[in-house]
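Each remark here refers to the structure printed beneath this line.
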Amino acid sequence: MTSNEELLQNYCSILFTYKTIGISNLHLYYFRETEIKSLRQLINAEFAILQTCNRVEIYLYSNTNTISEINKMIQYLNNVHNEPIGNQARVICGKDSIKHLFLVASGADSLSIGEYEILSQIRSTIDMFKKLGFSGKYLQILFERAIKVGRKVREETSISKGKVGIYSLAIDEAKRQFNNFYDRKIVIVGAGEMGQKIANMLYNEGVKNVTIMNRTVEKAKQLALKFGYNYEKLDLDKLGSFDIAFISISHENLRLENKWNTLIVDITVPPLFTGNNVITLEELEKISKLNFKAREEELVKINKLVEDGIDELIYDYKKEIYSEFMSKIMKRVETIRENEIVRAYKELEKLGINNQQVKEILDLMTRSIIKKSFQPLFDNVRSLVFDGENSINYINFLIDIFKDGNIPIFETKKIKKKQISKRSSS
């Protein structure tokens, strides 16, 4: 492991994905809103949870002990579920954690290879957890870089060329089974996000004979009117009167048999329907992988772009550390400067000097002295941060010095030990 890679060891992730636990089991691992909020009292780290139909992934950053926070998170999951589901998690840290997120953002790790939707999901995740106060600047720079890598991969490779999204694949598979697809009678069961996307795609395809079914008929009506479609209250017994049914509703582990000749494309997790003439997400995943086989050479390019992205993140990370150092130093120095100006002016007043211009001159003079005195230090620190082998150790030491004006005894011993070791090795 290089010294630069060591900088990233504060990043870790806990992963449950369609690859490790199966698409049909993934819903058991989703976090409820109340569970997410209760984590605030437990976890002493930045964290964000990426939840999609492909994955539940927890990303953490801690500058103290990330492994300890991971153990607390896994114990919490075990307690909530009353079983050791943490044993099924894949836990990775440092470069491995970052590389995984970048591959996710690129679409290379998706159930539907190359899909675009993951980028908006990553964006909404970090925005939500920032708003909740759970993520901070270090997860922010990680997720921002992941989004940039995802966009670059799509610009410079053909991973997203053609129809790659789950919804596109679902419609294409239905079209493949019907020669006269556009004349078929179609129903969309569910007016949520998935139902809306399918309705929009069918509309763009020029399909006219579509009905929206939903538990809340008003929501079905709103979606139907948007595209000029029909709408009805949810009634699964009526599915037999349609040629094709796209299923996108939540349910409590129901399993129904397809007893009609209707082609059912079930994109719920877990699937609602079983039997003949049913296409599930797992089948669409297989189709997606077959489609990507012809573009496997793109993986070499993608991995190169991901590695470049990791190097760029290291730069982002160092830049953030340097900015934090500068801020802490200058905040301390500015407090001292302002106090000394007040003290000096009081002494001048005792001598009968009470002039606003003198105060302004003192202000300008002290600012100039600080700038000229500290610039060489800042230049050297910048060099250590971006080029030095042990940059983090030096920065933490300097921050401790300026925290209270004294060098802690423990830090002094540590620095002396390093200096002796360095001289010995030389």
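Every residue, even glycine, has its Cβ placed from backbone N, Cα and C.
Positions annotated as substrate binding site by Swiss-Prot, on the basis of sequence analysis: Thr52, Cys53, Asn54, Arg55, Ser110, Glu115, Tyr116, Glu117, Gln121. The Cβ of Tyr116 (substrate binding site) has Gly107, Arg154, Ser160, Gly165 as same-chain neighbours under 8 Å, each 6 or more residues away in sequence.
Cβ neighbours of Cys53 (active site, nucleophile) (same chain, under 8 Å, six or more residues apart in sequence): Ile23, Leu26, Leu111, Ile166, Ile267, Val269, Leu281. If you look up Swiss-Prot, you'll see Cys53 marked as active site, nucleophile.
Secondary structure from DSSP puts His100 (site 'Important for activity') in a helix. Using a 10 Å radius centred on the Cβ of His100 (site 'Important for activity') and all shown protein chains, the other Cβ atoms total 20. Positions annotated as site 'Important for activity' by Swiss-Prot, on the basis of sequence analysis: His100.
The feature NADP(+) binding site is assigned by Swiss-Prot to Gly190, Ala191, Gly192, Glu193, Met194, Gly195, with sequence analysis given as support. Annotation note: Gly192 (NADP(+) binding site) sits in a coil segment as assigned by DSSP.
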By Cα-Cα distance, the member of binding-site residues Ala191, Gly192, Met194, Gly195 nearest Thr52 (substrate binding site): Met194
Fewest-neighbour residue among binding-site residues, criterion Cβ within 10 Å, set Ser110, Gln121: Gln121
Coarse DSSP state, helix versus strand versus coil, of Gln121 (substrate binding site): helix
Non-site residues, in chain order, whose CB comes within 8 A of the mean position of the CB atoms of Gly190, Ala191, Gly192, Glu193, Met194, Gly195 at NADP(+): Ile188, Gln196, Lys197, Ile198, Asn214, Ser248, Ile249
Cβ atoms near Gly192 (NADP(+) binding site) (within 10 Å, other residues, all chains): 13
Distance, His100 (site 'Important for activity') to Glu193 (NADP(+) binding site) (CA atoms, angstrom): 26
